[in-house]
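Going by TrEMBL, these are the annotated features:
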| type | residues | note |
| --- | --- | --- |
| BINDING | B:Cys40, B:Asp42, B:His96, B:Cys99 | Zn(2+) binding site |
| COMPBIAS | B:210-222 | compositional bias 'Low complexity' |
| REGION | B:205-231 | region 'Disordered' |
Amino acid sequence: MNQVPLIEPLPPELVHEPLNWLFAEHYRHRQLCHLIERVGTATVLLTDEAHEILTFLRHDMPLHVIDEEDDLFPLLRRRCQAADELDSVLGALSAQHHDDLNRARALIDSLERALADGRAPGQDRESRRVFTDFALHERRHIALENAVVLPIARLRLTAADLRSLSIRLAARRGLLLDPQGEEATS
Amino acid sequence: MIEALLRNNLDWAATRTRLDPEYFRRLSEQQAPDYLWIGCSDSRVPANEIVGLQPGELFVHRNVANLAPAQDMNLLAVLQFALETLKVRHIIVCGHYGCGGVRAVLDGRRHGILDHWMQRVQRLCEDHDADLDAIRDPETRVNFICEKNVLAQVRSLSRNPFVVDAWRRGQSLSIHGWIYSIRDGLVRDLETTVCDADAAARLATPLPSPRRGSSSRTASRPRVPRRPEAR
């Protein structure tokens, strides 16, 4: 077993900087894509990597989608201005989130089959395509969010907005932030 | 199956009594909630539970899509009792993302009597068809209208005669618009709290959205599915 996780965990204190949290989470998604390509193209089954991908897709990724879909995007829709022209971008990103979750489900199925059979997904052309497609779309999606959404969020969100985002990011992960203070408790 | 509910009730009442022998006596003597909750009938949005209130602390009215129409006798009876007898200090309109009632409006199919109930939301969708057009994902369209629906209900309540009378009497009363996500159990404040008649008047005449151009009512294709007129 690998002792060091292949996808780096987020430093817990980053929850106090929600936009940096999301940016760092995007970096982890890039690490995920790299891992997915490795597992998807290898001719031997990389068991540890497969388990790490499964954990991320089952837990981390759905939470990240909620962070954005149910928190950041609605808040941005309220705060952004005409010049930001963000509506259609957010609309397209939401559709991509939906597609990404569907691709993630296909990938989970493929990984579970591979682990059950002890057979590398890279040995099958169709399975390999599931892996490479996921990585391709996810990288494009992250690039758009980093290039457009996060810079506008940094510009438009107030300190109170960021604080409330932090509180909900933490709560979604089972942590309670003091609305005034800095300490998190589980 | 149904017997299980009665057994659960015995268990609940016995446990409550064991933990606090005076609990039901106190509860039976008085109802004095500070809050009126207007929420959706959806079984996944248990009003008391999500805001951590005990029985007796929240007066609750629920219907499909948390509507507060001024013509609904049920709502009016609840509102009058809440304001004039219970003298609640806060009305909370709490919608939720993924509302099935809102989804029914946007799917363009017929749903029988539900279509009549949801006509106001249908009109709301038509008012926002330019916004909806920018959102490709159907679920996000639903969620967008869920938020707009909460704001519309807060606006409607703030003009309701019972509410206006309460403010005239000098009664302390705030109306809040919240939205709940079933996916994470968290409530979001939609920043539309109205505390008095002046704020209500400001809310009643919202400025046109600064982010969007003219209404797409003039656009060439309808974006919100329209049903045959309900009779």
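Note that Cβ sites are derived from N, Cα and C of the backbone, with glycine treated the same way.
Where the annotation comes from TrEMBL, it is an automatic prediction and has not been curated.
Structure with TrEMBL features highlighted.
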residue: B:Cys40; record: Zn(2+) binding site; Cβ neighbours (10 Å): 24
residue: B:Asp42; record: Zn(2+) binding site; Cβ neighbours (10 Å): 19
residue: B:His96; record: Zn(2+) binding site; Cβ neighbours (10 Å): 25
residue: B:Cys99; record: Zn(2+) binding site; Cβ neighbours (10 Å): 27
B:Cys99 (Zn(2+) binding site): secondary structure state under DSSP, collapsed to three categories: coil
Zn(2+) site, defined by B:Cys40, B:Asp42, B:His96, B:Cys99: further same-chain residues with Cβ within 8 Å of the Cβ centre: B:Gly39, B:Ser41, B:Arg44, B:Val45, B:Ala65, B:Asn66, B:Gly95, B:Gly98, B:Gly100, B:Gly101, B:Cys146, B:Tyr180, B:Ile182
Structural state of B:Asp42 (Zn(2+) binding site), classified by DSSP into three states: coil
